[in-house]
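The structure appears below as structure tokens.
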Amino acid sequence: RPAEHQHVRYNPLRDDWVLVSAHRVKRPWQGQLEKPPPEDVPRWDPKNPLCPGATRANGEVNPNYEGTFVFPNDFPALQPDAPEPDDSDHPLFRAAPARGVCKVMCFHPWSDLTLPLMSLPEIRAVIDAWAELATELGASYPWVQIFENKGAMMGCSNPHPHCQVWASSFLPNEACLEDRTQRQHLSQHGVPMLLEYAEQEAGRKERLVVENADWLVVVPYWATWPYQTLLLPRRHVCRLQDLSDSEKDSLASIMQRLLIKYDNLFEVSFPYSMGWHGECRGSASLPSTSLPLPAVLTVPLPPAGAPTGPYLQEDCRHWQLHAHYYPPLLRSATVRKFMVGYEMLAQAQRDLTPEQAAERLRSLPEVHYKKRAE
């Protein structure tokens, strides 16, 4: 029985395995306790470099923005004009060029308003800004990574609601891995992996958290983090900028519902790292597939020549847009999951089964705990 006996589960997206040991969740906890996030974040602070009108570290003054605000990261991990590394004299000491740009996007002018507390039009504005950045940066770079680190527990140094967008001249490891596994699945089974997976989970229901006409959120069968979720569209779509207006509206709704449930789980501003994975145009060195899409996919696919870096002719029908949410909390707002020991040296391991996590999230109310008394 999965809830009582250890077993391993295969992750087809990463081509690896996770050890599930649900009986371990019964053990008493005597480990580290975290400090809950502060509840008294000021709405506006002139010393906060992400606030409207504040001065950033480089001396630039933010405009008095009223919606989303995008600016170049003042301390970027990637720069567009980095020099070429020296040639290696041995195959064990290789280096390659790495260029790109890094941007920061503030979701809202108020520091105390996280995504689950925003209105649907405000969340929709965030989605529109994501799509615009993906289009702009994807015209020059093969990979654009949109990601949000929420909460100090996940390394976020500023409580103001924001995310980052990094565009790179190379394909990051996770993109390469997902490109390979999704390509292989389409070649072997004739249908995009995550489209087939979404259809299966929609029918099985046991790991479903929330759903609507266009999207569903599940705790994936192969989840590693305790309350990890996967956000999936119901139709085949490769990129954020390929979504229709109605799909963007329903995306705003399902994001709000999921994030409210997260906050309600331990009645705390729930920490996580999340990120979008979309169409990858940087796989020119991998074998391409000429398989036609199966008849079950009746929705027209995006045009093959959509601008995404220098790989305009790449066949990317194997890709399916999706977002990963990786939250660290395990038992309470103060007990987190650490990826150490066996996880670092052998393979990922979890105590709570994905089905148990999904049932707990699914049963939570969709009214934010801070608004219940209103």
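Glycine too: its Cβ is placed from the backbone N, Cα and C atoms.
Listed in TrEMBL for this protein:
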type     : residues               : note
ACT_SITE : H162                   : active site, tele-UMP-histidine intermediate
BINDING  : E178, H277, H322, H324 : Fe cation binding site
DOMAIN   : 4-172                  : domain 'Galactose-1-phosphate uridyl transferase N-terminal'
DOMAIN   : 179-280                : domain 'Galactose-1-phosphate uridyl transferase C-terminal'
DOMAIN   : 305-372                : domain 'Galactose-1-phosphate uridyl transferase C-terminal'
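Comparing H324 (Fe cation binding site) with H162 (active site, tele-UMP-histidine intermediate), their Cα atoms are 17 Å apart once rounded. According to DSSP, the secondary structure content of the domain 'Galactose-1-phosphate uridyl transferase C-terminal' (305-372) in residues is 16 helix, 16 strand, 36 coil. When the Cα atoms are compared, E178 (Fe cation binding site) and H162 (active site, tele-UMP-histidine intermediate) turn out to be 26 Å apart.
Excluding E178, H277, H322, H324, which define the Fe cation site, the same chain contributes L13, E174, L194, L230, G275, W276, A323 within 8 Å (Cβ to the Cβ centroid), listed in sequence order.
Each residue contributes its Cα atom, and for H322 (Fe cation binding site) and the residue listed as 'active site, tele-UMP-histidine intermediate' those atoms are 20 Å apart. Within the same chain, residues at least 6 positions away in sequence whose Cβ sits under 8 Å from that of H277 (Fe cation binding site) are E174, A175, E178, L321, H322, A323, H324.
Around E178 (Fe cation binding site), a 10 Å sphere centred on its CB holds 23 further CB atoms from the protein chains shown.
Residues within less than 8 Å, Cβ to Cβ, of H162 (active site, tele-UMP-histidine intermediate) and separated from it by at least 6 positions along the same chain comprise L50, V104, M105, C106, F107, E148.
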